[in-house]
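Asks: Pasting a structure here, questions to come.
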Amino acid sequence: KMAAAAGAAAAAGLWSEVNRCGQNGDFARALKSVNKILQINKDDVTALQCKVVCLIQNGNFKEALGVINTHTKVLTSDVIAFEKAYCEYRLNRIESALKTIQSASQQTDKLKELYGQVLYRLERYDDCLAAYRDLIRNSQDEYEEERKTNLSAVVAAQSTWEKVVPEDLGLREATYELCYNSACALIGQGKLNEAMKKLQKAEELCRQSLSEDSDVTEEDIEAELAIIHGQMAYIMQLQGRTEDALQLYNQIIKLKPTDVGLLAVIANNIITINKDQNVFDSKKKVKLTNAEGVEHKLSKKQLQAIEFNKALLAMYTNQADQCRKLSASLQSQSPEHLLPVLIQAAQLCREKQHAKAVGLLQDFADQHPANAAEIKLTMAQLKIAQGSVTKACMILRSIEELQHKPGMVSALVTMYSHEEDIDSAIEVFTQAIQWYQQHQARINHGCCVFQPKSPVHLSLIREAANFKLKHGRKKEAISDLEELWKQNPKDVHTLAQLISAYSLVDPEKAKVLSKHLPSSDTMSLKVDVDALENSHGATYVRKKAGKLTGDNQQKEQGQGEVKKKKKKKKGKLPKNYDPKVTPDPERWLPMRERSYYRGRKKGKKKDQVGKGTQGSTTTGSSELDASRTASSPPTSPRPGSGAAVSATSNVIPPRHQKPAGAPATKKKQQQKKKKGAKGGW
């Protein structure tokens, strides 16, 4: 008895310690006291509950869940359902958490809060929205603002991932979280400018709220703003401002935020901007998408987009095996999705295996008829790239839901015209027109108000008629033109075309139809001809002048003839031209081709350079003797003497004669240039 009393006293003291530590937030110390209590009584339900709570508060979720699973007899679902579900939620066992919540006998407010979080993680947004609405309606405490923030996040997710038009919740956007979620919802609707304004407001509110706390530094504020700036950069990217977006993305990465989900999304967006360029940067950025825990931070569509981009990057970097592996994995996860098959086909085309790529696409189209249209468009593109235009046309015509579309009709007609297959082109027009006629008949049968012919239907008939007229199918064109004229008897253009076509086939019929043309008086337009001719854009401007008499008219004509004759420009003569000297008849030939060309005098300077030993000279001693040079005859004529040029000397042609004042003028020009240069510097 004394031992039992001592144990009870010790337990009471320990419980007091647990209570005091819990109030102070010292859960590590409280856990030690709880463990001592459990040594006294291992099946104490309250002690086990306290132990689980202490472990959760310390972040030991796995150990806490182990305690719960070990003591299932004592800790029943009614007692500890919330703690168990919360541990499973934090360990990313979302499906298990949902089962635990649903199996609880009593749905407390705590379980309802957790239920909303679990539904959001499972992307069951409709159920999540209903859960949060119920919570906001039936609870009044200090967490109302957080619930409204979560509610706005659900609406933003619906708008972004499910393309649901969000309803106005009437929430007052007093916090930056609410503004941010509202901006995300606007992005989902494509209202980018409005979303950018909301994000700017969110940034202001964030700075204001954080700057009030003196312990928060500027770095902390920038880290908190990173997600807002990331969304701003995404809007810039969607608007085509890729340089601005890239700059902002890189600024966020330099901050090294702790949110691995944010870093993964930014890295993925940078990769999409780079595409097949700057591949080295993309390979660095893709590592950020492989960080631990990314799969728990992002939605399924975000993760799928990242995997698609990884496969494309592998293709751009010529990693064929890696590309095939990633795309095959994606296809196994989403068998009905188009992108994995298209990536595989693109990789095969890069390897010049076009036939295999077409076969792969054809198999997918057969297995998934709902997505066959897009696949067949890709197949047609591959056939065109191979030069098989006719086969491409056959593939396009097999897409029944697009046969009547104006774009498809235009493409087929253009391709058949390129192949000079006019009959097939006309058949395409006929099938499209018949589709509209059948569609019109179904609507009329349903007693709905419908126009006699839709604008698209009439446009197709007109284009068919024009095409047939262009290619000489007059009789076939006439039926189309008559149909158009019946629809609008006042259409003069169609009537004129019809008369033109009949004039080549049945002239009498053309005359009868021409009676329906309006008279020239009714067709006259009130146009000021003079103003039109004198307008700025007129190619011909009439000269304003009075009537001329016969003589004046002849004079004007004579003057006109004089004006028409162009004056010949005087040819430029060379500066050294001498009219007394006969010009050289060979002056137009190159110097080498002239009869008097003797070649260049080589070795003039070389002969003067000594080639012997130092001090020796190549010239004779007689040439250097001063006494001999004095008596030697002069080598050049003296001033005042007659022409001393020998008969054997060459006559310099006028083209090569230099004027007497040429050297002097040259020196003057050089001096002027020097002066100008000094002034310039």
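The count begins at 1 with the first shown residue.
In case you wondered, yes, glycine gets a Cβ from its N, Cα and C as well.
Below are the features listed in TrEMBL for this protein:
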- 94-149: coiled coil (COILED)
- 226-259: repeat 'TPR' (REPEAT)
- 542-681: region 'Disordered' (REGION)
- 543-599: domain 'Signal recognition particle SRP72 subunit RNA-binding' (DOMAIN)
- 563-573: compositional bias 'Basic residues' (COMPBIAS)
- 575-596: compositional bias 'Basic and acidic residues' (COMPBIAS)
- 665-681: compositional bias 'Basic residues' (COMPBIAS)
Asks: Using a Cβ cut-off of under 8 Å, list the residues of the same chain at least 6 residues beyond the repeat 'TPR' (226-259) that approach it.
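Replies: The answer is 176, 180, 183-184, 187, 192, 195-196, 199-200, 202-203, 206, 219, 265-267, 269-270, 272-273, 288, 297.
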Asks: Per DSSP, what is the residue count of the compositional bias 'Basic and acidic residues' (575-596) in each of helix, strand and coil?
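Replies: With helix first, then strand, then coil, the compositional bias 'Basic and acidic residues' (575-596) has 3 helix, 0 strand, 19 coil.
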Asks: So what pLDDT does the repeat 'TPR' (226-259) average out to?
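Replies: Computed over the repeat 'TPR' (226-259), the mean pLDDT is 93 on the 0 to 100 scale.
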Asks: Would you mind splitting the repeat 'TPR' (226-259) into helix, strand and coil residue counts from DSSP?
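Replies: Tallying H, G and I as helix, E and B as strand, the rest coil: 26 helix, 0 strand, 8 coil.
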